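Student: Below are the features listed in Swiss-Prot for this protein:
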{"type": "DOMAIN", "residues": "49-273", "note": "domain 'Radical SAM core'"}
{"type": "BINDING", "residues": "Cys67, Cys71, Cys74", "note": "[4Fe-4S] cluster binding site"}
{"type": "BINDING", "residues": "Ser110, Cys142, Cys201, Arg277", "note": "[2Fe-2S] cluster binding site"}
Amino acid sequence: MNERKLNKDFLEIYEMSISGKIKKEDALEILKLDVYDLLHISYHLKKAFNKEKIETCSIINAKSGFCSENCNFCSQSIHNNSKINIYGLKSKEEILKSAKSIENYSNRFSIVSSGKKISEKEFEDILEIIDEIKNKTKLKVCVSLGLLNKSQLKALMKKNIRIHNNLETSKNYFKNICTTHEYEDKVDVIKNGKKLGLQICSGGIFGLGEDIIDRIDLLYELKELNVDSISLNLLNPIEGTKMREKINSKEIKSIEPIDALKSICISRIIMPERVIRLCGGREYVLKDLQSLSLLAVDGLMIGNYLTTSGRNIQSDLRMIEDMGFKKG
């Protein structure tokens with residue numbers, strides 16, 4: 001392909017993306033481009049929406065393990081055999097201490113709880129913890145608390161915080177990773193939250209054995225739900241999970257770095273105006289290519305994840321700076 005033709009194709013994709021005219025079949029064709037071409041387009045789309053800053057976020061595993069759901073990738077499920085720390089909801093003091101420790105490095109701090117749902121007592125405790133963090137730090141607070149009901153969503157709306165609820169994968173593929181709750185259960189939480197005016201962060205995991213059509217379907221589901229922030233995770237197959245067994249037995253293949261980058265880029269091209277946030281598994285999958293992802297994303301989770309260790313925070317902040325971006 002000569003340079004003139006390439007530039008014409010870039011411009012056409014760029015303009016289609018800006019105007020929201022990228023269809024599923026277009027996305028599949030665009031993915032045939034070289035990864036560096038996709039990164040080029042993604043970067044210019046970022047610039048078009050003034051996304052020169054990288055919003056950092058961090059999480060605390062506030063309640064760990066003993067989850068009733070059978071998500072085959074999750075080390076916290078009782079249906080898997082991962083060796084993790086199991087504990088109930090941490091105290092207000094512990095969670096506040098964690099928030100303060102990250103305050104100078106992160107824009108957002110999310111309280112994450114294991115399990116399908118939390119009890120009303122736990123929910124009331126978390127509302128108090130939210131107030132404490134908002135009063136004593138400058139962090140924006142988020143929560144990831146499973147399948148929240150309408151009453152809980154209303155209470156969180158009054159606190160003016162963002163909720164997180166991952167769809168994980170496409171509706172069609174979901175039954176391959178979880179059978180103890182329905183895809184629509186998650187969709188309902190997001191829809192109910194949006195109706196109330198809550199900000200929503202949702203996304204999925206690439207590398208669960210899904211095909212590219214499943215990834216595209218997931219992205220369009222997120223687009224149609226109009227979520228504010230798209231959280232992209234890359235599978236880190238944790239020892240003891242059913243997903244790790246599938247990879248060890250060659251039933252499914254681990255996602256390759258270039259494949260992951262292309263999937264991140266198409267997320268930006270489909271939803272150029274949204275926050276595209278790269279989260280868990282980036283160290284494991286992208287390895288030395290992590291910095292390239294910043295050409296497409298404008299959000300980055302830093303610090304440790306739920307049951308796995310993240311990269312050194314200073315290394316991530318230096319990577320952001322070295323790539324010419326600012327923490328925002």
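The backbone N, Cα and C atoms fix where each Cβ goes, and this holds for glycine too.
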Student: Within 10 Å of the Cβ of Ser110 ([2Fe-2S] cluster binding site), how many other Cβ atoms can you find? Include all protein chains, please.
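Tutor: Cβ-Cβ neighbours of Ser110 ([2Fe-2S] cluster binding site) within 10 Å number 25.
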Student: Return the count of C-beta atoms lying within 10 angstroms of the C-beta of Cys74 ([4Fe-4S] cluster binding site), excluding that atom itself.
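Tutor: So the Cβ neighbour count for Cys74 ([4Fe-4S] cluster binding site) comes to 25.
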Student: Please report the number of other Cβ atoms within 10 Å of the Cβ of Cys201 ([2Fe-2S] cluster binding site).
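Tutor: Its Cβ has 25 other Cβ atoms within 10 Å.
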Student: For the recorded [2Fe-2S] cluster site, enumerate neighbouring residues of the same chain (Cβ within 8 Å of the Cβ centroid of Ser110, Cys142, Cys201, Arg277, site residues themselves excluded), in sequence order.
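Tutor: Not counting the recorded site residues, we get Cys57, Ile59, Arg108, Ser144, Arg162, His164, Ser229, Ser231, Met301.
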Student: Counting only residues 6+ away in sequence within the same chain, which have a CB under 8 Å from the CB of Cys71 ([4Fe-4S] cluster binding site)?
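Tutor: Looking at Cβ-Cβ distances below 8 Å from Cys71 ([4Fe-4S] cluster binding site), excluding near sequence neighbours, one finds Ser77, Glu168, Ile177, Cys178.
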Student: Work out how many Å separate Cys142 ([2Fe-2S] cluster binding site) and Cys67 ([4Fe-4S] cluster binding site) at their Cα atoms, rounded off.
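Tutor: Cys142 ([2Fe-2S] cluster binding site) to Cys67 ([4Fe-4S] cluster binding site), Cα-Cα distance: 21 Å.
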Student: What is the average pLDDT across the domain 'Radical SAM core' (49-273)?
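Tutor: Result for the domain 'Radical SAM core' (49-273): average pLDDT 96.
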Student: Quick check: which same-chain residues outside Cys67, Cys71, Cys74 lie with their CB within 8 A of the centre of the [4Fe-4S] cluster site CB atoms?
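Tutor: Here the non-site neighbours turn out to be Glu69, Asn70, Phe73, Ser75, Gln76, Ser77, His79, Asn80, Ser114, Cys178.
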